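Pulled from TrEMBL, these are the features on record:
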DOMAIN    44-293  domain 'G-protein coupled receptors family 1 profile'
TRANSMEM  31-54  transmembrane segment
TRANSMEM  61-81  transmembrane segment
TRANSMEM  101-123  transmembrane segment
TRANSMEM  200-222  transmembrane segment
TRANSMEM  243-263  transmembrane segment
TRANSMEM  275-292  transmembrane segment
Amino acid sequence: IKVQQMSNSSSITQFLLLAFADRRELQLLHFWLFLGIYLAALLGNGLIITAIAWDHHLHTPMYFFLLNLSLLDLGCISTTLPKAMANSLWDTRAISYQGCAAQQFFFFFCATAEFYILTIMSYDRYVAICRPLHYGTLLGSRACVHMAAAAWASGFLHSLLHTASTFSLPLCQGNALGQFFCEIPQVLKLSCSHSYLRELGLVVLSAFFFFCCFVFMVVSYVQIFRAVLRIPSQQGRHKAFSTCLPHLTVVSLFVSTSMFAYLKPPSISSPSLELVMALLYSVVPPVVNPLIY
């Protein structure tokens with residue numbers, strides 16, 4: 001049986017992604033819709049990157065981390081949406097085995113690094129509002145570069161472990177994925193009985209790290225709001241809230257949808273719900289983030 005499982009896994013040369021529609025007219029409609037969304041994300045994030053890079057007044061820790069966030073947003077949406085657009089345009093569902101592994105690696109890399117950048121941004125806001133006299137010391141240029149590098153390196157390591165673990169599993173449940181890109185839970189559904197427990201353990205471990213980061217964000221914002229409410233002037237409170245609420249909105253959208261997608265119980269799983277959740281955490285944030293900020 002083990003030999004047969006390995007044979008089935010090694011015989012898979014491509015995966016079939018979820019089609020958004022069967023009718024040709026709807027496929028073309030999806031292509032143009034996704035093209036508009038993708039161009040909006042490219043324009044919005046590109047403008048942020050260009051403005052921060054060229055304007056010396058924006059060479060501050062807050063905008064440095066926002067630059068990193070925009071780069072990762074572009075990475076996330078560029079990993080998933082172009083392939084979905086190409087499949088809709090050419091009326092196909094196929095993605096190669098290597099292409100699926102690469103898509104999963106780069107998406108998980110960008111998404112994980114983005115979560116760590118969002119955590120660092122909450123720390124930046126905490127220091128700016130709660131400990132303003134120590135801002136220059138705690139968030140100097142060298143410290144900012146080190147924190148950003150740690151976020152990118154952590155995302156790379158997480159993604160490398162998950163991709164290697166997922167694609168080393170024997171697959172014996174066909175090659176059709178119930179998602180428009182190569183998502184880890186969808187590949188795990190194709191694995192043989194009990195062989196997915198190792199990767200499931202890695203998912204739980206990553207979820208623990210993400211939960212710790214989320215708790216850190218919550219504690220930071222509790223301290224921030226306590227400090228803001230003590231500001232005597234209404235204008236000062238408004239200015240403080242205006243720098244925090246955009247970040248809190250982005251965090252809430254990204255964290256809630258991604259955690260639901262990866263940690264939801266099987267009893268409430270449905271193809272349409274999984275598709276909506278995937279769109280909310282993989283496509284919507286890169287488009288909405290530039291508008292929010």
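Any Cβ shown, glycine's included, is placed from N, Cα and C.
Automatic, uncurated: that is what TrEMBL annotation is.
At the 8 Å Cβ cutoff, the transmembrane segment (275-292) and the transmembrane segment (200-222) share fewer than 3 close pairs (sequence separation 6 or more) and do not count as touching.
Within its own chain, the transmembrane segment (101-123) has Cβ neighbours under 8 Å at 62, 65-66, 68-69, 72-73, 75-76, 79-80, 83, 95, 147-148, 150-152, 154-156, 158-160, 162-163, 166-167, 181-184, 187, 206, 210, 213, 216-217, 220-221, 247, 250-251, 254-255, 258, 281-282, counting only residues six or more beyond its boundaries.
Mean pLDDT of the predicted structure over the domain 'G-protein coupled receptors family 1 profile' (44-293): 86.
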